[in-house]
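First comes the structure, then the notes that go with it.
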Amino acid sequence: MSSVGPVIFERHLFGPGPSNPYPEATDALSRPLLGHLDPEFLRIMDETCELLRQAWGTTNARTLPISATGSAGMEAAFVNTVHEGDVVVVGVNGLFGQRMCDVAARCGAEVVAVEHEWGTPVDVQRMLDAHPHPTMYAAVHAETSTGVRSDIAALGAAKGDALLVTDAVTSLAGIELRADDWGIDVGYAGTQKCLGVAPGLAPFTINDRAFARRVEKPRSWYLDLGLLGGYVGEASSRGATGGGRTYHHTAPVAMVVSLHAGLTRIVEEGLENVWARHEAVGKQLQDGLQSMGLELFAQEGSRLPELTTVKVPDGVDSAAVRGRLLERHGIEIGAGVGQYAATVWRIGLMGHNARPDAALLVLAALEEAIKA
Ligand SMILES: *Cc1c(COP(=O)(O)O)cnc(C)c1O
């Protein structure tokens, strides 16, 4: 018997991502494939960029899906904007803030890491005090490793002349996010979290101010926004390429069509309704966990609704519970990260999974698995 037979059952993906895609996004994957320069595909790509502008809350012409997962969005953000020796102040309150430091340093930045206790949000005053005149501030909006939301609007209002890079991988299309109003100069996200699409693309946006300061010839050819612009970002209708498209790389056609379907689904529900749905379901889950006697990890007031961190009760084997959830209930939840690997669980109710029935399902299953 083959060990790689077909998947015959569904999982409830209630971990830190990927989440179960919206059915519309899954259906779109089965459509006949288009060529990547087919006019019909280019139309879908243009619409996808426009839908992404709505999701980001931006009018940035350069808003596009980068052809790789969220981490490629992070690489694109720094490799295109960091000049050798630039001072980049990074808010670190979890794994993804740490990763930003690593990526920015590889791009030649002099990184000033502002370390925070995990479970707490980025402190804007500490960011400002970290350096008198940084080139750039960078922070994670929704820190998936700890379940914490940071106040990007406050950082954007205080950034002065510096650029602001924001990781919105777990916030885009999940919680309130307004790139232009908040002063986000460069933002990146991923498809497999609140957007409710399979992993594979990194929605990205950069404003004119940041683009004007970009690195002319970045060390990455694939992620060079100057080259990508001729292909997707500055759509032909905007005249940037005189109405034509130039080949750069083969767009992941099926993934873009799926993202288009997922975004259409979100816009039809209404972005603010989608945010409200995540807020309500997250609260339902967090209230339910607390009434089971469990303790939440993230600091009160900064808890993400879409990604809940909860402490593993004393005497309970974290891995055994996760194993039982998967085997008996078909439910995946996440372990903690780093020093919290065995003492915290991460439960994500994102995108299609941000539903009251999903919250009830995971609460009941967790109660059963802990008792067992
Ligand atoms: C998941 C995640 C990433 C990385 O995205 P990948 O799709 O795994 O490459 C970056 N930042 C945050 C906050 C994330 O949650």
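Glycine too: its Cβ is placed from the backbone N, Cα and C atoms.
No curator has checked TrEMBL annotations; they are predicted automatically.
What TrEMBL annotates here:
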type	residues	note
BINDING	Arg346	substrate binding site
DOMAIN	35-336	domain 'Aminotransferase class V'
MOD_RES	Lys193	N6-(pyridoxal phosphate)lysine
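In the predicted model, residues of the domain 'Aminotransferase class V' (35-336) average a pLDDT of 95. In the three-state DSSP scheme, the residue listed as 'N6-(pyridoxal phosphate)lysine' is classed as coil.
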